Every structure is written in structure tokens, then in C-alpha cells.
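Here's what Swiss-Prot has on this protein:
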type	residues	note
ACT_SITE	Ser175	active site
ACT_SITE	Asp375	active site
ACT_SITE	His437	active site
COMPBIAS	559-571	compositional bias 'Basic and acidic residues'
CARBOHYD	Asn111	N-linked glycosylation site
CARBOHYD	Asn426	N-linked glycosylation site
CARBOHYD	Asn434	N-linked glycosylation site
CARBOHYD	Asn487	N-linked glycosylation site
REGION	465-492	region 'Disordered'
REGION	539-622	region 'Disordered'
SIGNAL	1-23	signal peptide
TOPO_DOM	24-509	topological domain 'Lumenal'
TOPO_DOM	531-622	topological domain 'Cytoplasmic'
TRANSMEM	510-530	transmembrane segment
Amino acid sequence: MAILSTVPALLFALASWAPTVAAQSAADYFVHELPGAPKEPFIKMHAGHVEVTPEHNGNIFFWHFQNQHIANKQRTVIWLNGGPGCSSEDGALMEIGPYRVKDPDHLEYNNGSWNEFANLLFVDNPVGTGFSFVDTNSYLHELPEMADQFVQFLEKWFAMFPEYEHDDLYISGESYAGQHIPYIAKHILERNKKPGVKTPWQLKGLLMGNAWISPKEQYDAYLKYAYEKKLIEKGSPIALQLEQQWRICRTSLAVTNTVDFTECESVLQKLLEQTAKVNAKGERECINMYDIRLRDTFPSCGMNWPPDLVNLTPYLRKAEVVSALHIKPQKTTGWTECNGAVGSAFRAPNSVPSRDYLPDLLKEVPIVLFSGAEDLICNYMGTEAMIGDMEWNGGKGFELTPGNWAPRRDWTVEGQPAGFWQEARNLTYILFYNSSHMVPFDYARRSRDMLDRFMNVDISSVGGTPTDSRLDGEQGPATSVGDIGKNGTSADAETQKKLDEAKWKAYYRSGEIVLVIVIIAAGAWGWYVWRERRKRRGYSGIMGNTPPIAQRGTTRGLEGFRDRRTGRDVETGDFDESELDDLHVTTPTVEMDKDRYSVGGDSDDEPHDEKPSRSNGGRSGR
């Protein structure tokens, strides 16, 4: 009877497993229609959750946009926003994605989208960010565990979308993603070198914008940038206060080599506070830390920026959008730009700054660091100081030979000064003139020109009009900012054929797995029915007085669901009830918590006001 008693459990496990396995195919993630999006051009999308830590209900959300054209090879760009804890839907709908939010109900096409020649994969990272979710007692704390989990996500994602696994892979992002990206790249390279890895991922480059990489230089740059931009005057009472706070910060920096220093964060906070003024309306306003040309109400100081944010949040909370993006019901709170609880947990006290890994990464992977000149919080002076102090590939900084530095090449796009490029030994630095913390928000087409140059895009097989992009007056490679020729989408039929073959192989594999499950379940059920009939005919086993199987198995299953509720995230509060609704058993009813949370409602992690916040436990969201 021991074997017999396991049959219901086996059947239940198989029944539970079958939908899970069946969902692990690209078809289930296909976005059939995105509410409010323009009909043309057609953009193929997939979106949804990938479970990474079942024991903690950890699910990472992704949103994938297929490229519009294939130029000489297949490429995929992964995009991450910063925070930590800020959603990559910022990048998808306010920066490099194919759409921008026009109003709370409508999107419009972004003519500078990065998906012209590259597939785009936006990921809400780490768990708990954006549409991703996890139990609140399981937020991540360190950079290595984040990178491990991200590689797990990619393993599962490529298993579902094998047609992209051989693409040239690029990882890009901004702000605190300057910590995430080098760690992820390091873990990918280590993964590729492990014995038994069937498909090494073709990591071809990293792009980081206004990136928080080296705390030492970046914290030091707050005051230097404020002086350079005349936000404060040297020797003034405000300057003397800030200099005193900087000395406290510098003492802390000398003691430990970590990422986050409260004493140093205070330098920026005091700068914003001391420079705040009362405007003509009698309102106290301060410098926008993400774009010093702008002002914001105090103490937001940039948290309400960019202006698209006022439409982005209600759009992503619309029930039809949530449904279209396949958001799991376990994600019961509405989308928020930045999750303060995630940011507060992710202090990385035992992680070294990602700057420490750049020299080794540059031995294997080209890197682009780009900066908007008007950003304060992750300003270009800190990035330039870090580069100047760093040694890699046989040299220090951009020095080519003693006393001879790599030139800064003037960059113009469509006849307008765009910035400058500087490069040496696998590292490229680009300064964008008149640009904020979110460079692609200001200059989407210019940022895509940067990407296409970095990826060595060759549009000769595509057709269309190349952009007039020049370095020191030289035209350079032919990249495009739009106006693609009519033959663009069919330029590489052979490549598309290979993609389709890989996709259908994945579908067949999923179908085979489900078929095996059905066969096993049918066999187990048949055996179980045969045993029950023999019992009714008078057959008795050794354990004749054992309680009925259904009674024993069901009680244990309900207790299991109840146990999983303990310490659960409010975001996953409905999970147990929705699972139990599908259990058609005749047992005493268990009283469950009746609170319900709407996906379209306010997040428990955000303040209940009209404006979204990037606040991360006292830190400014990067």
C-alpha cells in the first residue's frame, strides 16, 4: 500500500508540473497585441516571467523586442536600469525601446529605437524590481548572488528561445547598472569556460551610461562637478559645509572597498538641500540631480523626472497591459518605477565595486562608457577620473605612450555637435553634449548611432540611407538612423530560416515533454483504478486498516500550501488561494486570508501620493 498511497501525490505532482512545462515555450510569451501601440511598424514581442528561485517565489520579468532588420549578423542587446531596484521598463518605454508613452492610454513609435539592428531584451533585475517579484524576506543583498541569479535566468530564457542563443550578445544599461553589468559579464565569461558547457554565449561588448562603477571617484566628483558647473561657489559658507562632509566621506572610503557609503551620500543630499531656493510661486525648489538645467520641487530634486513618468505608471498598471505582458497573478501589486524595499536591501556590504573587474573584462570584452554632460548624480567627471586612474591592457588611462594620450575626436550627427569619442585598448569613452542622466531619453537617434558603431553594423545588405555621423569630419562606417530600404526585412532569408528552425525545435521539445507527462499520468491512473477495483472485490493488502488514500494525501497537500504562506511577500499573497481553487477535493474547508490586492492598485512599497518615487531607503535611485 505504500506505493498505492503515492499515486494521488504523483498524479497531483504531474498535473501541477504539466502546465509549468507547457508554459516553458516561446508561444506562451508571445504578445499578441500591446494596448495603445501604433499598428505600424509591426514589432514582434514576447514578455512574461521566468522563475529563478521556486523556493522563494522568485520570478524575473522580461520584455523582448525582435529586431526590425538583420544587418550582416544577429545581435541581442540586454538592457538594465539602475536603482538598485528601478525597472527596465524605463528603458523600454522612455529610452531605447521601440515605443514612447504618449499619454496614459497610447504609445508612439520611437524613431531612435535600438531594435533596428538588434533584438532587445529588457529585464527587471534584481527580483522584486518592476514586474519581477519574490518573497519580501528573500530580496538580494550582494552583487555576486545577483549575477548568479541573472545567469540562471539567461539559461532558462535561452532554453525557451534557442534561436537567439548564438547571437552576438551585448549588455547595456545606466546608472547603478554600472555595478550589475560587469558582475554579470564576469559570471558569463566564467560560465563559458566551465567544462561541459554546450553553447558558450557570444559576449561581444558592454555599454554603460552615466554608470555608477567606482564609488571613490564618483563621490569625489560631486563637489568638483558642482564647482565646474557653478552650482556653488568655492569658499562660500555652503561650500565649506560640503567640504567638511566630504572629508568625513573620504575617511570612510579609505577604510573599506565597498559600494555604498552613507557618509558620502550625505554630500549630495546636503548639496541639494543647501542650494534649494524659493521660487516666485513661494515653492521651495532644488536642482534636478539628473539634469542640472532643470529644477524640481524640494525634496524630490529630480525624482519626478523625466516628464514621461507621469504617463508611464498608469499605462503599465492598466489591466489590459498587465494581461498582454503575461504578468502572473502572484504579482499582485501595481508596477512602480523603483522599489524602495529592493534598494534598501541591496546594500552589497560584502561586494567590491565593479571597477575592480574592469581591467580583466577589458582583456576579453570591448566596453563603452558614455555620459550625459548635464547629469550630477553619476557625472562624467567621476567617470573620467576613474578611467584616468585605471590600468588595463598594458597601459594607464587613455595614455598611448608616456605623455601621449588618445585624442578626443569631435563627433557630429546630422551636422550638429553631438559630443566626443576617446578610445584605447578595448575601452571607448563618449561624452554626449547637452544630455542628462538618461542619454537615450534626450537623444535616441544619436545613442543608436553609438550602438551601431560599437556593434560594427554593416547596412550594405539592408539598404536605406545612412546617417551623417562623423568623427573629426570623417564619415566612418555606414550606420542608419531610419529610412531603411524596402528590402530591409528580407535582406537575409537564410538567417530567418535558421531562426524559424530553432524556434520550432523548441516547440517540438516542449510538446514531447508534455506528451511523456500525459502518458505517465494515464498509466499511473490506470494502475490506480485497477488496484481500487481489486479492493472493492475483496482484495486486501497488508495494511488493511490504512485510511483512504485521498484523505491522507489531501490533508498533507493543504498543509503544504498553508506552510508556504508563512513569511510570504504581500505581492504573492493570492498565490495559495488561486492554487487551492484548482484542487477539487472533498475535505473540510480551511479558512484562508481573504485580503485581495489588485494589480492596478498602489504598491505597498511606494508612498501613497500622486507622484512616483525613486526613493531607496534614503538613497537617490541611480
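FYI, residue positions are counted from 1 along the chain as it appears here.
Heads up, the Cβ atoms here are built off N, Cα and C, so glycines get one too.
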Tell me, what is the mean pLDDT of the topological domain 'Lumenal' (24-509)?
93
Calculate the distance in Å between the alpha carbons (Cα) of Asn111 (N-linked glycosylation site) and Ser175 (active site), and round it to a whole number.
24
Going by C-alpha distance, which of the active-site residues Ser175, Asp375, His437 is nearest to Asn426 (N-linked glycosylation site)?
Ser175
Per DSSP, to which secondary structure element type does Asn111 (N-linked glycosylation site) belong, with helix, strand and coil as the options?
coil
So if I measure Cβ to Cβ from His437 (active site) and keep only same-chain residues at least 6 apart in sequence, which ones fall under 8 Å?
Glu174, Ser175, Asn210, Met289, Tyr290, Asp291, Gly372, Asp375, Ile377, Cys378
If you count the C-beta atoms lying within 10 Å of each candidate's C-beta, which of the recorded positions Asp375, Asn434 ends up with the smallest number?
Asn434
Out of Ser175, Asn426, which of the recorded positions is least crowded by other Cβ atoms within 10 Å?
Asn426
